Amino acid sequence: MAFARQTDVDAVASQSEVKRLLDLDTTPWYKRPNLRMLYLTLIPAALGCEMTSGYDGSILNGLQAVGPWLTYFNNPTGAILGAMNAAFAEPEPFFGSQATPCTHLIHRPRASLASFVLIRDVEQSIGAVLALPIVPYVNDRVGRKHSITIGSAIIVVGVILQTASQNFAMFFVARIILGIGIPFCIGGASQLIAELTFPRHSAVLNGLFNESWYAGAIIAAGVTLGTFSRPDDWSWRIPSLLQMLPSLLQLTFIWSVPESPRWLVSRDRSDEAFDILVKYHAEGDRNSELVRAEFAEIQHTVRAEMLSSKRRWVELLQTPGNRKRTFIAACVGLFSQWSGNGLVSYYLAKVLSTVGIKDKRVQQELNLALTCWNLITGVSGAFLTKVFRRRTQYLIAFIGMTIIFACWTGASADYANTKNKDAGAAVVAMIFVYYWAYTLMHPLTYIYITEVFPFVIRAKGVGVTQTFTRAASAFNIFVNPIGLDGIGWKYYIVYVVWLAIESLIIYFVYPETKGPSLEELSQLFEDENPLSKGRLDLERQGSGEEKPVTTLEEVTKA
């Protein structure tokens, strides 16, 4: 099965006129003035969306050690928190991607770890649950570009309310609003990068987009550290206020970024789409063979998809190909959180405590070092998409995580039985090596989803992945601490087995997608439906050459 899919993608790529022309185009991006300006504009306008998410996901972890913040929210509607915290038996300080010790709360029963997990993640999940069903419709209705605009505006509103919060309820509602805004930004940005950028660069840019999360997390840690010593409420209001800066950058620069040519074609704005491709993919050359081939392919495929689809959620389950796509989208979301990373991302303090590392400062330093390490290895993983095929990169990462997690489990067992300090040090080393493998996989999330789904249901595919990511994150919040408290290091065995299962699913289910264009990739799923019947056939018929297309009118008729 897996080998058949590899053969399929090679066959499609070998017949691709777009790929042939891309192989002939060797000019680097930095020597193309228009493309260079596009990428420099995309950094604050689109790549920064995940940075916003990383800052947002980490800011509360830093605030846990800020005395005025803890004092200000001293009575956070205890009935709600008590109900949510009942699953946790012991008061533990919370450590996340950029955690700091929550020493002020250690003596508040059942109120430290789960309370802040609730604030950081549950309210965001509530916001995401409210937003995700409509985000794909907004992506398709107003475009990829202005989905970012809408999401950024919502985030700015949420930040203002969060900064001005007078009580826990106001703070909680503000966090829900932030949770609503982020999916709009991420959904729009991931698709805009895939559909607008030069085909050879799309994978690396989408990988960097996902890894910018860690940059946001590091900035959040630095900001909260910088305001830590202030004795007034601005010690927490300043970090909160600065959270809107990435969104303000997006709202400023998004107007300089063109819309997705594929979305423009879907809205019968083909002239604009052609002009964008000419400007950025051919540096103004309207006779470029590459642009003519790209545009003809996009126009035929997108129009065929639009004619055969009513763009409903049920279409994700109506054909075998779409059901497989949806299953893959769910797996990508689940696997991004259910691969053992949740143990470290949420409960590193517990993990380190199991091997005798209980000093809070040491735990904090390891957390910061780990996040910096993740940024470095994640960026490297994004660039490795130019080297590895998608399946190869996935399999190296997941098989590597399985082996490393097994070694991690063995070292933890050794320490539990012997209290051997070398075994404890080995666990710390394994955590860093494990994250090397994890961040080899992490950049592929939106690369793979945008390649697997055709244009007409791409926004919904991204939405499915985001939904399952949130669901898996909720599992991490509530189940992992129970397992760690109940059976300690033996709980790691569950993840060793599950990682092996994930590796098998990837091997037998995930098709290869590297090589063909976004339009050509729909051939991999071979649905017997009107959409597949209407897609562009790239194979040249017979032995004669097609007449070159030299004008927009001829491209439109091609």
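Even glycines carry a Cβ here, placed using N, Cα and C.
Range 368-388 is the one annotated as transmembrane segment, of 116-136, 368-388 (source: TrEMBL). By the count of Cβ pairs under 8 Å, the stretch nearest in packing to the transmembrane segment (491-510) among 172-193, 213-229, 394-411, 423-441 is 394-411.
The stretches the transmembrane segment (423-441) and the transmembrane segment (368-388) are in mutual contact, each linked to the other by at least three Cβ pairs under 8 Å (pairs 6 or more apart in sequence). Across the domain 'Major facilitator superfamily (MFS) profile' (42-514), the model assigns an average pLDDT of 82.
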